[in-house]
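Sequence annotations record features per position, and here Swiss-Prot assigns FAD binding site to GLY14, ALA15, GLY16, HIS17, ALA18, GLY19 based on sequence analysis. Under the heading NAD(+) binding site, Swiss-Prot lists 274-288.
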Amino acid sequence: MTDSFYGYDVIVIGAGHAGSEAALAAARTGAHTLLLTHNIETIGAMSCNPAIGGIGKGHLVKEIDALGGAMAHAADAAGIQWRTLNASKGPAVRATRCQADRALYRAAIRQMIEGQARLNIFQAEVDDLLFEGDTVCGAITHTGLHFKAPAVVLTAGTFLAGKIHIGPTQYAAGRMGDPPATMLAARLRERLFTVARLKTGTPPRIDGRTLNYTAMQEQPGDAPRPTMSFIGNSASHPPQVSCWITQTTERTHEIIRAALHRSPLYSGQIEGAGPRYCPSIEDKVVRFAEKNSHQIFVEPEGLNVIDIYPNGISTSLPFDVQLELVRSIRGFEQAHITRPGYAIEYDFFDPRGLKASLETKAIAGLFFAGQINGTTGYEEAAAQGLLAGLNAARHVRGLSSWTPRRDQAYLGVLVDDLITHGTNEPYRMFTSRAEYRLQLREDNADARLTAIGRDLGLIDDARWAHFNAKQEAVARECERLSAFWATPGNALGREVKETLGVTLSRETNIIDLMKRPELDYAALMRVPSLGPGVDDAQVAEQVEISVKYAGYLNRQSEEITRQQRHEATAIPLEFDYAAVRGLSTEVLQKLQHIQPQTVGQAQRIPGMTPAAISLLLVHLERMRRNRVA
């Protein structure tokens with residue numbers, strides 16, 4: 001029998017954003033969990049930009065929170081500047097973003113991990129995994145310790161065969177100051193995984209005391225400040241500070257162009273593809289040669305540190321070039337660099353080798369989450385981590401896995417995109433990736449997912465009570481307003497005209513007035529007989545959106561129902577696609593390569609035809625009838 005110190009239900013390797021959420025989710029649902037990290041002090045570290053949220057990403061954070069995750073709580077504890085992006089646009093694309101104090105964020109994540117029942121931490125580098133045939137059964141540390149578990153979640157970030165590049169200089173590292181997981185990467189390459197390389201980068205850090213802020217544009221945060229968590233309180237946020245905006249200059253671009261031959265990106269030194277939507281400054285100068293300047297967001301890394309993160313000048317140019325280009329930027333003429341920028345290359349595995357649960361198809365019980373699957377970003381990693389940790393715990397207990405559908409969550413879009421299409425560049429989330437984004441808003445992530453999370457064991461009693469109280473308050477307010485009818489001649493109709501300047505031509509239910517573009521909930525509450533309304537801004541927002549967008553939401557729900565007809569029809573793991581008569585060679589090869597788990601996933605494979613899906617459905621139905629017979 002394995003000593004209890006070495007035996008667990010779930011082992012999570014790596015304690016970044018994916019690993020932290022994976023370990024917490026597994027333990028929260030009852031699994032005895034071990035979190036292995038090479039350094040306990042870097043649990044929850046923000047390796048690159050000190051920010052959480054943004055377009056698409058903020059939606060993921062809200063979904064993580066709706067499922068009981070940690071990221072939103074940590075952001076609320078660490079956010080030092082808050083903004084609602086796209087505030088003037090529709091609710092589907094509004095997104096919350098906060099600048100975060102690195103130390104406060106890391107401390108908040110560590111506190112939650114250390115306070116979680118059934119979750120142990122151990123500091124050790126992992127060199128290999130333990131296997132019994134094609135099933136994982138544990139992990140081996142650098143010092144030879146064997147930890148056993150029937151499920152392992154690997155969240156290695158940029159550490160698998162990581163290599164840092166600064167000009168012609170290159171060396172092995174997981175990130176600056178941390179060793180790479182070289183041995184583990186080599187062992188995984190021996191397995192039946194499709195391995196490739198990706199690249200990401202980070203800008204030089206600047207001593208904020210050496211900057212001239214009068215040459216920049218101040219960017220204050222929003223007031224009132226939003227929160228990330230549905231149960232958060234802006235009163236608990238740290239003090240809010242400003243960010244600043246500046247630009248590169250023509251001189252900056254001249255310096256970069258003159259040094260391109262020394263850039264690892266252009267010398268052939270770097271093999272991996274970089275993130276399309278977060279290019280290096282040298283990439284921007286080359287790709288957008290017609291632009292005279294590029295915007296830089298000057299972001300503080302914390303309340304009690306001097307470091308500034310110049311968002312927009314990620315680079316792997318030699319240090320002497322970095323210093324020259326930094327000092328050519330407006331307001332940076334006397335800048336002192338505290339840490340150089342660099343690029344890092346690392347191994348990732350083709351996510352088409354994953355099930356929707358994030359369990360690998362090749363190795364039973366082994367789950368991947370985060371950058372190992374080809375994604376970029378803290379939020380994408382954390383969302384995958386939560387899902388992988390949940391499903392690892394369910395795997396151990398013999399329960400079916402759970403993954404949200406594309407119409408249920410951005411997490412569902414993320415996973416489906418990865419396992420169906422794969423990626424050859426770092427994948428990041430945007431609202432444009434979702435077909436049903438009016439359904440997948442930040443504001444209703446709890447309504448979409450919290451009840452499911454409760455059934456899965458992810459939601460504690462306090463959050464469940466808070467969620468139910470909110471839903472009941474929304475229903476009560478909708479019911480209250482629906483009871484009011486105004487006519488051109490009654491007292492309420494006259495109040496509406498006097499207060500809002502709206503003349504009614506017929507009897508109207510008050511709640512229908514919110515469907516008018518010029519009226520909202522706050523306006524209606526100015527009508528004496530209707531106000532003052534509810535105090536909770538979240539409740540008021542849900543009342544307004546449910547009314548104002550009812551027609552659009554109903555039409556989208558009908559479309560989802562039509563699309564769901566065959567979405568969940570399962571395809572057996574060992575299904576013989578060659579036995580389906582009439583499939584083209586192209587379609588057959590794609591099906592055999594991707595091995596979709598459901599007909600819905602098969603429909604989304606590029607090049608798949610309606611005729612091929614019909615043939616597949618006929619064959620599956622024939623198989624079902626044969627089994628019954």
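Any Cβ shown, glycine's included, is placed from N, Cα and C.
Annotated features taken from Swiss-Prot, shown on the structure.
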residue	record	CB count, 10 Å
GLY14	FAD binding site	31
ALA15	FAD binding site	27
GLY16	FAD binding site	29
ALA18	FAD binding site	34
GLY19	FAD binding site	30
ARG276	NAD(+) binding site	12
CYS278	NAD(+) binding site	19
GLU282	NAD(+) binding site	26
LYS284	NAD(+) binding site	18
VAL286	NAD(+) binding site	17
All-chain count of other Cβ atoms within 10 Å of SER280 (NAD(+) binding site): 27
Under 8 Å by Cβ from HIS17 (FAD binding site), counting only residues of that chain that are 6 or more apart: GLY44, MET71, GLY370, TYR378, GLU379, ALA381, ALA382, GLY385
CB contacts for PHE288 (NAD(+) binding site) [other CB atoms within 10 A, all chains]: 12
Env. residues of FAD site, Cβ within 8 Å of mean position of GLY14, ALA15, GLY16, HIS17, ALA18, GLY19 Cβ: VAL12, SER20, GLU21, ALA22, THR37, GLY44, THR155, GLY157, ALA369, GLY370, ALA381, GLY385
Of the binding-site residues listed as GLY274, ARG276, SER280, LYS284, PHE288, the one whose CA lies nearest the CA of GLY14 (FAD binding site): GLY274
Candidates GLY274, SER280, GLU282, VAL286, PHE288 (binding-site residues) - the one closest to ALA18 (FAD binding site) by CA: GLY274
GLU282 (NAD(+) binding site) versus binding-site residues ALA15, GLY16, GLY19 - nearest by Cα: GLY16
Cβ neighbours within the same chain of GLY274 (NAD(+) binding site) - under 8 Å, at least six residues apart: LEU198, LYS199, THR200, GLY201, LEU265, SER280, ASP283, ALA343, GLU425, PRO426
Candidate binding-site residues ALA15, GLY16, GLY19, pick with smallest Cα gap to LYS284 (NAD(+) binding site): GLY16
Distance, GLY19 (FAD binding site) to VAL286 (NAD(+) binding site) (CA atoms, angstrom): 36
Cα proximity to PHE288 (NAD(+) binding site), best match among binding-site residues ALA15, GLY16, GLY19: GLY16
